[in-house]
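Worksheet for the structure shown next.
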Amino acid sequence: MAAGGGGSCDPLVPAGVPCAFSPDRQAYFALASTDGHLRVWETANNRLHQEYVPSAHLSGTCTCLAWAPARLQAKESHQRKKRKSEAVGTSDQIDLLALGTAVGSILLYSTVKGELHSKLISGGHDNRINCIQWHQDSGCLYSCSDDKYIVEWNVQTCKVKCKWKGDNSSVTSLCISPDGKMLLSAGRTIKLWVLETKEVYRHFTGHATPVSSLMFTTIRPPNESQPFDGITGLYFLSGAVHDRLLNVWQVRSENKEKNAVMSFTVTDEPVFIDLTLSENKEEPVKLAVVCRDGQVHLFEHILNGHCKKPLTSNCTIQITTPGKGKKSTPKPISILAAGFCPDKMSLLLVYGNWFQPTIERVTLNSKEAHMCLVRDISNCWAPKVEMAITKVRTPVMNSEAKVLVPGIPGHHAAIRPPPPPAEEVESKRKLGGNEVSIEERLGAMDIDTKEGKDDHLQTNSFPVLLTQGLESNDFEMLNKVLQTRNLNLIKKTVLRIPLHAVIPLLQEVTTPFFVSSAVLMVQWLKCVLTVHASYLSTLPDLVHQLGTLYQLMESRVKTFQKLSHLHGKLILLITQVTASEKTKGMTSPGQKAKLVYEEESSEEESDDEIADKDSDDNWDEDEEQKESERDEDIDDENEEEDEDAEEKEENGEDRDGASEKELNGDSDLDPENESEEE
């Protein structure tokens, strides 16, 4: 059995959901859904047996899973029978399930205990686990990852037993040979390893894309003339991502043949593969391939060497809905997995939704080339295990009761009758009449909403309306909520919507219809991306889901720079035009000044101004006038000095007195100062 990898935005990751049938009579079917939950279903009665949610289910989603082989489980059950403290009845139900995660850890889940058995972390992988294989005898576990390594684990000690580099790129698939001595690994090329020495025994060309499935198809070589060494002459099958051919390879002793000996053609990428081993050369190999398009292709072929043309399927199985009425058309139902029953004449089909799949046993008819099964799965959505466990009682509703849903057109609250006057209520109490109803009490208290509020939506109903509109695709309901312009109301609505409605809301906001009202939608986008950022960061395929939003934003931003330049130029032109029009239209004011202030100029400033105003022609005349004035002043000073001397002699002053006056600082003023004083 092989299971495809988990859904991811990487185009080179296998499609489908990790799932597998239990090896013990296919009693259980394990499925790791995209929400990180592991669900184990009982195939006999299509009932949910167990559900397990890992602690890191959002960051480390399950990428692959594998049941422990039946032989290993038989050994563990034999050991458990020796323990007296445990019930013997549980010995037949020992099932270990290995889960590989996106962060490189491996979880071992026990379906008997219903809890985690152990966890393999230390020294192993540091990247996504692509495939897990149990060794049927030793109980070891082999895993491969995107970190290019293959790891051999000791399950008892939860430690790495051996680790070696498997390829130059990611190792995507593993398979152990029937005798347990060889290991097949594949990225894009296929290698056959000797487990004891960890050396490459053979190389095969492989596929152009990463290999998603590897499995041996025979346990004995067709030609038994030569002694069998456990591997030479065996055939194995390989399928790859986006490849519609399943190749069959033969292990030869010589190293010349590296190409496939035959191939099977299918309609789409293989998602789940199951086959019946060929134990001798006369027994054909039966192959069931579930494709990405939801169909199952059945092949039956005897492996006997080369076959040039690709082999087509002997039978194709499809499932559709009945398509009730003339207008409704049948819709296809996807098949998730298919496995051969122990009798090899019937097939277990798992179809529908991964949350609530339907498991059905179908008898194969070799004469029919195409089988179309009509199934109605409309009533199979609720998990049956919850109905058996839940203790919630559903209230018995009266057939005449009418359920009112807020916000839907046509549904309005019942009109309350006018409250009775207070006098009537008091009279009832006094007379000992019937007890006053709650409605009358509320009416007496005048608890009522204001007029006109019934026409508007209440704030607390916005999250309910938005969720209902997204689930039912009701255009009117969505339009009422999304066209609001109150930013506070938008934020409260985004805070109260459930998490499962976040992605549909983002997709609804980015639909082409709402592009015309992009201003409002940007407010919704801003609130959703800020409030629910932690939830959105846990989604692995968020970029793929928001591709429309990215393209829309890029197309709008491309022209924004040019528009901003044009907007700036237009504003500049408009401001200049308006300014020039204002200056032309302005008239000079006719008012007189209320106050005029003039400064008086000093004499020096007036002389300077007059001197500045004189021309160069009068320069010589000015000089002559100045010289004549100086000569006259000198003559006047000499005459004054002579007069002073005569006066001093008359007053009897001699030179000695004059000298004393000079020493005492009482000497006469300078002639210039004296002239200035006169």
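Every residue gets a Cβ built from N, Cα and C, even glycine.
Features of the protein shown, as given by TrEMBL:
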type	residues	note
COMPBIAS	581-590	compositional bias 'Polar residues'
COMPBIAS	598-653	compositional bias 'Acidic residues'
COMPBIAS	654-664	compositional bias 'Basic and acidic residues'
COMPBIAS	665-678	compositional bias 'Acidic residues'
DOMAIN	473-573	domain 'Small-subunit processome Utp12'
REGION	409-430	region 'Disordered'
REGION	581-678	region 'Disordered'
REPEAT	122-157	repeat 'WD'
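The helix, strand and coil residue counts that DSSP assigns across the domain 'Small-subunit processome Utp12' (473-573) are 81 helix, 0 strand, 20 coil. For the repeat 'WD' (122-157), the residues of the chain that approach it from at least six positions outside its boundaries are 5, 63-69, 71-72, 75, 98-106, 108, 163-176, 180, 183, 185, 193, judged by C-beta separation under 8 angstroms. For the repeat 'WD' (122-157), the DSSP counts in helix, strand and coil order read 0 helix, 17 strand, 19 coil.
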